[in-house]
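Record features (TrEMBL):
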DOMAIN    A:5-120  domain 'Semialdehyde dehydrogenase NAD-binding'
BINDING   A:Arg100  phosphate binding site
ACT_SITE  A:Cys129  active site, acyl-thioester intermediate
BINDING   A:Gln156, A:Arg234  substrate binding site
BINDING   A:Ser159, A:Gly160  NADP(+) binding site
ACT_SITE  A:His241  active site, proton acceptor
There are 2 protein chains.
Amino acid sequence: MKSYRVAIVGALGAVGQQMMKTLERSSLAVSSLKPLDIEQNAGKQVSFRNKMWTVETSGKGKFLDVDIALFSAGAEASEILAPIAVSEGAIVIDNSSQWRMTDGVPLVIPEVNPQALRSHKGLIANPNCSTIQMLVALKPLHAAFTIKRVVVSTYQAVSGSGAAAIRELREQSQSILDGKQPVANVYPHPIAFNAIPQIDVFLDNGYTKEEMKMVNETHKMLDPNILVSPTAVRIPVFRGHSESINLEFEKPFEIEQIVEIYKKAPGILLVDDPAQLAYPMAINSEDRYEVFVGRLRRDPTVQNGLNMWVVSDNLLKGAALNTVQIAEKLVEMDLISR
Amino acid sequence: MKSYRVAIVGALGAVGQQMMKTLERSSLAVSSLKPLDIEQNAGKQVSFRNKMWTVETSGKGKFLDVDIALFSAGAEASEILAPIAVSEGAIVIDNSSQWRMTDGVPLVIPEVNPQALRSHKGLIANPNCSTIQMLVALKPLHAAFTIKRVVVSTYQAVSGSGAAAIRELREQSQSILDGKQPVANVYPHPIAFNAIPQIDVFLDNGYTKEEMKMVNETHKMLDPNILVSPTAVRIPVFRGHSESINLEFEKPFEIEQIVEIYKKAPGILLVDDPAQLAYPMAINSEDRYEVFVGRLRRDPTVQNGLNMWVVSDNLLKGAALNTVQIAEKLVEMDLISR
């Protein structure tokens, strides 16, 4: 079995930490780990598979001895560093939004479109968290009944905005419980005990960038014919995005068929037992690899309509796990050597 | 000007307290206030318009000297007490779900269907909180462009479940911030830092009672031809329900027309300025009478489609305020004497 030299760019960030943890548990044979981060973190030690590794700064020359570079350093860093890493021979799997819609860069969820990996040129993009869990849930239904239209409203956790946002939710919550004014830095408004109907910046069409990611990435990965109408909302949850999804299929279906499909679908755990008050919830998704699906019920207001509730750990399947799974899939498909 | 003898049933509950506060600020001439509550609260004093009033227990004979009885004592109490109050000559405006769908009982939002009050027989029902704010927002658009279908996902505050739920969210939040296990009593699962896709009990069709209220009450009050596909979700917010609403109209529209309609619509405040990051939010709705509307944007995935975000204080327009406004409307329409 071949083993691989892996770099993690942004190793000490919220997602970077999860990447290391997920990589540690993965089947990937790692001969060396190179944790890269900003200058002030250089020299710190991280533990990986019972060995300590020293954090270095990123930059030119750092990828010459790297086979796979997992990037979670944000779009700006990725714009500069990813081409450097590719030119130095690494395969880059980038978690930022920088390259997702670039022609020729595969955007991949292993359960959805692994075949897209075949055409990679050294750079592969990891999709947006809210898109990943939605498409893992939609893919098997689309294959069976052909999805025409999706209306989705999200309930997104703060960890999607990084470690500072997690701290901010803690601090704001404590302030409010203590009867003090919450201080907002990461978000434009307090998120504690609130719902903010804005994620990422606004575009000219009145939608946010986060909302348009769900549209555009669905078209790139699953089917350009699926109509997606999104509303992305931040709520005071630490980890685990929830999504209320309304679907309209071309073909008729029975709920029992959907249940059977989900029982066999890869990466999905069906949690749908109203009698036991069992349905997917953010607090149960933490540290779990699955996309949880529940509250399956026919929508009688449209032909072949379905309502459902989909939850997943935004730091894992929504980010770190999917990145590592792409690396595993590249190995499995023998697409790693260049 | 006539003045009225008003009773408040459940005067010390979360909504009852808001009813007193709202009534105090209202234009209604109140000659006497009779606060009614459970036995253990009898004898307590409440302040209303600079006078103290003594809480009594509710029951037979208590409504003989009452013109208007505002009920917020839950469905079970209302089932027994409302007919007694009506038989003793009071006009009952009931905030519970007990009578909402009963034939012959008007279900009323003053901005939506005040004319339904004309046929009252002493008992008037106040609609469900999540329906009220939705229909205040939908009514003027329906009049202009005819709504065919609504897909709505709610983000509901805990205060809708009463004072105990407010305490539970506080206590659970503090436990989690302190690294302890949260204790759940009011809801079947912890609500702090979570999203629970269940409000009220499940029905045979897979929808919850809360969700079907939004369907049935829309049909009773606005138009039985409007198709409503709801998902009701509890989130860790103290006060203010938010709703992500997707609409499909029969007639074509321009966003500018919607803006003009909302600028003039009663009970509505348009907060929709993405450039200034301004949109409705739960934390800004507290103690406000308006239904806040924003994030207006065309939904290009369906003919004549619109997405919007609607927020209101669930204890005020969603409950106490609407109840008091019904009383005011009865006076205005001269429907109070029997």
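Heads up, the Cβ atoms here are built off N, Cα and C, so glycines get one too.
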So what pLDDT does the domain 'Semialdehyde dehydrogenase NAD-binding' (A:5-120) average out to? 96
Please count the residues of the domain 'Semialdehyde dehydrogenase NAD-binding' (A:5-120) that DSSP assigns to helix (H, G, I), strand (E, B) and coil. 34 helix, 32 strand, 50 coil
Nearest by Cα to the residue listed as 'active site, proton acceptor', of the recorded positions A:Arg100, A:Cys129, A:Gln156, A:Ser159, A:Arg234, is A:Gln156
For A:Gln156 (substrate binding site), the same-chain residues 6+ apart in sequence with C-beta under 8 angstroms from its C-beta are A:Cys129, A:Ser130, A:Ile199, A:Ala232, A:Val233, A:Arg234, A:Ile235, A:Val237, A:His241, A:Ser242, A:Asn314
Going along the chain, which residues six or more apart from A:Gly160 (NADP(+) binding site) have their CB under 8 A from its CB? A:Cys129, A:Ile199, A:His241, A:Asn314, A:Leu315, A:Gly318
What is the number of other Cβ atoms found within 10 Å of the Cβ of A:Arg234 (substrate binding site)? 25
Could you tell me which three-state DSSP class A:His241 (active site, proton acceptor) falls into? strand
Could you tally the C-beta atoms, other than its own, that fall within 10 angstroms of the C-beta of A:Ser159 (NADP(+) binding site)? 25
Radius 10 Å, atoms counted are CB only; among the recorded positions A:Arg100, A:His241, which position scores highest? A:His241
